[in-house]
């Protein structure tokens, strides 16, 4: 390992609470965090450090599990254990709650915007994935409810350029969805993990998907076009690589750097790891090596990892101990 992962700053973001998730706005000027204290905190850079700019605390009655910025950066969505999703509008340095999306029967575990900004996906412990459409008046309408998982759905993520959605679940599977005749349906089920799948990330091209699991592995799935290339036939997703033996406990989150292609993981063994792809390997049989590892990045489980969208190598992680850590990853090659 010639590469380094250096700590730039660590701060107590959600005191006496878990910090569940962190998300950069599209420009990378703001970082949103959420936690068990029912708050969302917005962080901005002041010189070399990150300072809390505002606290959103009136939206939810229970833990806020995930936050997601709209592609334009003017809206923030928050998913909560109170079974609702709040949509916040940025107004100068402040945020106001525009609307509350209701319908899930249990905790909402994740929320994600499509690259167009016109669609939003939510998922829940009620085993369902909901697709919401956003109109010009900022009205949100549920256009599809998909029940393709048999257990709690942990995470949803959109393809970087297409209206293609993936979800993962306590049922050990990953589902890939597309719209068909005005309805969304599961077009592929990716089976291979032997325990809960916690997180998903597309590579910058959208041709590959990485999943992380309670089985302590990371799997890389590649989109394979059907033979003969018939029109209307769905692409299949094939597992082309499994990273095993690197993580000591559950891998809770995974992030593919949009700038460098490095893959970072957040783990229940308190560690943060970065993997690098062997560029000489066959694309159909990719190989990844562990390039940097901080064994005790936090004193408790690491819940989330997020690459900065504009600065290569800048990475944040957050933990059950309420902390956020800011890292600089440098490749030795």
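Even glycines carry a Cβ here, placed using N, Cα and C.
Here's what Swiss-Prot has on this protein:
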type   : residues : note
REPEAT : 14-53    : repeat 'WD 1'
REPEAT : 59-98    : repeat 'WD 2'
REPEAT : 103-142  : repeat 'WD 3'
REPEAT : 148-187  : repeat 'WD 4'
REPEAT : 192-231  : repeat 'WD 5'
REPEAT : 246-285  : repeat 'WD 6'
REPEAT : 297-333  : repeat 'WD 7'
**Study point:** Long-range Cβ neighbours of the repeat 'WD 7' (297-333) (under 8 Å; 6 or more residues past either end)
**Key:** 2-24, 26-28, 31, 33, 35, 43, 50, 249-250, 252-260, 262, 264-268, 270-272, 274, 276, 291
**Study point:** Helix, strand and coil totals (DSSP H, G, I; E, B; other) for the repeat 'WD 6' (246-285)
**Key:** 0 helix, 17 strand, 23 coil
Point to revise | Chain residues in Cβ proximity to the repeat 'WD 5' (192-231) (below 8 Å; excluding those fewer than six residues from its ends, i.e. six or more beyond) | key: 154-162, 164, 166-170, 172-174, 176, 237-244, 246-256, 258-259, 261, 263, 265-266, 275, 283-284, 286, 288
**Study point:** Whether the repeat 'WD 3' (103-142) meets the repeat 'WD 4' (148-187): three or more C-beta pairs under 8 angstroms
**Key:** yes
Practice item. Using DSSP, tally how many residues of the repeat 'WD 1' (14-53) sit in helix, strand and coil. Key: 0 helix, 24 strand, 16 coil
Review point. Per DSSP, what is the residue tally for the repeat 'WD 7' (297-333) in helix, strand and coil?
Key: 0 helix, 20 strand, 17 coil
Study note, to complete from the structure: DSSP puts the residues of the repeat 'WD 5' (192-231) at 0 helix, 19 strand, 21 coil
